[in-house]
Amino acid sequence: MSDPSVSALVAEETATVDRVQGGGSLWSNAWRTLRRRPEVIVAALVALFFVVVAAFPRLFTSQDPQRCDISNSGIRPQWFSGPHPFGTDIAGCDLLASVVYGARPSLLLAFIVVGLSVLIGVTLGTLSGYYLGWVDTAISRAVEVFLVIPLLLAALLLLSLFRTVDTGSSVLGSILQPALVLTAFGWMGYTRYVRANVLETKNLDYVVAAKVLGASDLRIMVRHVLPNAIGTVTALIPTAIAGVISTEAVLAFLGIGVRPPAVSWGILISNGSERFTGDSQYLLLFPLGCLVLTVLALVVLGDGLRDALDPKLR
Amino acid sequence: MTRHVRLTVTAVATVAALTLTACGSGSDDSGTSGTSAAGPAGSGQSGAGSGAAPAGSGAGAPAGGNDAEVSDAVVKLVLNQDVDTLLPMDSNVGDNIGVLDVIYDGLVRYDPKTSKPYNYVAQDIATKDNKVWTIKIKDGLTFQNGEPVDAAAFARSWNYSAYGPNAVANNYFFERIDGYEPMQGEYEEDDAGKVTVTKEPTAKELSGLKIVDPLTLEVTLTAPFAGFSTMLGYTGFFPVAKACIDDVSGCAVKPIGNGPFQVDQWDQGQKLTASRWDGYTLPESPAFTGIEWTEYAGKSSWPDFQAGDIDVSAPPPALWAQANADPDLSSRKVESPGAALTYIGFPLYKGKPYDNIEFRKAISMAIDRKTIIEKILPGQAVPATSWVVPDGVPGGKAGTCEWCRFDPAAAKAALAKAGGWPAGQTLTIHLGKDETSEQYFKAIGDSIKLNLGIDYKLDPTPDFFDRRSSRGFTGIFRNNWFPDYPLNENYLAPVYGGGDAKKGNKNLGFYDAKFEQAIKAGDAAPNLDEAVVKYADAEKILAADFPTVPVSFSQNVAFYSERLDNVVLDPFSGSVELRLLKIKQ
């Protein structure tokens, strides 16, 4: 989201406003605030670590998570003393490899869902806030309709209805359905947020000035209104990603999330919980630990970002 | 101790509830206590036998023994499968067979230990040539609605099953009786069970059934079959009342049986309750007053068992080790060898590579049966090395399957000989929707992937049987054969026989003329012992053709609650022998 050219633009356009408030642009101010909070730095590093795990699983394990030897079933964690640092599950699959490769569907799903939701939300929110009238009416009603449908109910219904549709066994194919459903019920918040900000921004003097000078609607929206409206939305993103990761775990627990044979953290947690009361607690604790750590890091990061970016809280 | 008390309380509560239901729809919600409801209890029922006679004196059964100590308890059992009918003619899955075992009585019953048949409703079953059989029925038996159990009752049921357009599951059992062919016609059945007849059958009744006198039925077979009397204890051969044929859909939900229990109510998908029928006169009668089956549709009943709501259950694989390690629980465990074979089928009708025996051998030898069972289904299965359960039924012998051993090197060699697996393709494993078998077949798929390098994916499907019979599978599939009667023929002819010479049989696409001949030779044998030997030859032919891969035989295991006693498992269905079960007072 913090595309340098956008930041530059924002800096340029809002220079006067910000300088009055305390010098530096919104983004460089935010950066300065964040830098001073150690917990945010740690959280960012943890989140970054898991992103690297998802992007380059081979750096962390040489095993194939789909290669399961039943004769190696149920090995307890060996740490650094054997080929299975986290042990193996009941089918003999290496747990470290499963957790490492499971990060990709989990995180990719979260990024896709939040990315698409933000895109839809920002577009619709800007349009509705800028034009008002019937555009606003249509979009706002749509937002309300989607908001009253509980996410889990809708996800349960849609995902079990289309359970039999084959979307292929690639990583994208296995997360396609949950991604679509979660996006369909995840864009409303951003729309409302952006709409409110646009309503506020579009009456500012510099926007009026641009209008008077004859700038087109598109130019005003993209270059003048949006950059100012988007800050608060950015602060929501890490928390939203954390939310989707947890939702994926819930869906997996209900058996309708990411599709096997792809493994996700949710599926690992769901499988591990079956045997938790036996003596195989590690099967649940490792994936759960990764999930909790990632979610926690993202929430802390989101919190810091909001403090830094939301001018109203300052 | 506390659990015991709670159990008794629920049991009593259910008895009260049951008696309340029994007094008919008119007087519910009146808030009467159990005792005051007991008076009018019988009056809601129709027919002669079900009067308000107190349980103990009921029918004065002579050789019962059980009757002396009838407990007031309601036994709470589980239906795991999605049962959709209780019609004997249409019941062919373990759970409705298990229920009907106490609702109906067959001509013969099987000894739970030796699985040998003995006459029960039949007085005598005689034949001279194995072709014409004379069945004499005991006098004075009635259905729960008062109709007599006579030769006509059996003929009625068998004719109904044999009539093709009725499209019942047990139709094929009657193909050995004369006059079966003209009754088939041509018809199509859609998913909702609606039958469209495209060609009317030319006969409505089996010409081979003759009612000699009210208690004598003469059956003529198309060809001699020494095992005919052994078949007669199967659910499909139970008699039905006339009232049942007049209202088949009603009878499918509330059967009119001739057994020791009658169905009170069935909320399909939820719960099935049955209570003692006081008009029962034969000796084998359960020693308690009611049974309540709760339907779980594939979910585990174990948590409810541990909470004391269920009397018999088995833990899911994940909790298996824990349950067995618990000294209290494992003291209430009963185990017995089962008879159900789990095997892998191939879509032989799809051609390459499935029709290549080397490919099938490769799959078979790539599966590490012993370790997989040890880890995934400990104590619930044993590796199979034959198609007929060894020792369980006459003619069963271990080791008839030459390629059922685990040998990764030989498996790889066989795959190479078969021309390998098409690169980039994924092997689909079709199976029914069931948590345990999904875990089981994941391990089998892993074994295949590990040893042969074939990528696989599981396809758990809720309409497995429809897809199998319409040949809708594109990969290998899980099958489970659970025998209907104790004879090795039952593992062979119904599964592999009767196919079209070109297209093969319906489910598997298998046909071998030599196999058909061997089965025919067995059927024609003068006595059962010789027949069994001939059928064993058919198994050898099957072993050479290797159309399917035997994986494991079931091992029946059940844990039971503290109040049950004398828990014996049926070797076939694995369900508790309700007629032997006792309740601790």
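Glycine too: its Cβ is placed from the backbone N, Cα and C atoms.
Heads up, TrEMBL stuff is auto-annotated, nobody curated it.
Feature annotations, reproduced from TrEMBL:
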TRANSMEM  A:40-60  transmembrane segment
DOMAIN    A:103-302  domain 'ABC transmembrane type-1'
TRANSMEM  A:107-133  transmembrane segment
TRANSMEM  A:145-165  transmembrane segment
TRANSMEM  A:171-190  transmembrane segment
TRANSMEM  A:225-245  transmembrane segment
TRANSMEM  A:251-270  transmembrane segment
TRANSMEM  A:282-302  transmembrane segment
Considering the transmembrane segment (A:107-133), which listed stretch of A:40-60, A:171-190, A:282-302 counts the most C-beta pairs under 8 Å:
A:171-190
Please check if the transmembrane segment (A:171-190) comes into contact with the transmembrane segment (A:282-302), where contact means 3 or more CB pairs closer than 8 Å and the residues in each pair are separated by 6 or more positions.
no
Folded-back contacts onto the transmembrane segment (A:251-270), same chain, C-beta under 8 angstroms, at least six residues removed:
65-66, 95, 98-99, 101-103, 105-106, 109, 155-156, 159-160, 163, 167, 169, 171, 173-175, 177-178, 245, 283-284, 286-288, 290-291
Which sequence positions outside the transmembrane segment (A:225-245), separated from its termini by at least 6 residues, show Cβ-Cβ distances below 8 Å to it?
1-2, 6, 9-10, 13-14, 26, 47, 106-107, 109-111, 113-114, 117-118, 121-122, 125-126, 129-130, 182, 186, 189-190, 193-194, 197-198, 200-202, 204, 207, 265, 291, 294-296, 298-299, 301-303, 305-306, 308-311
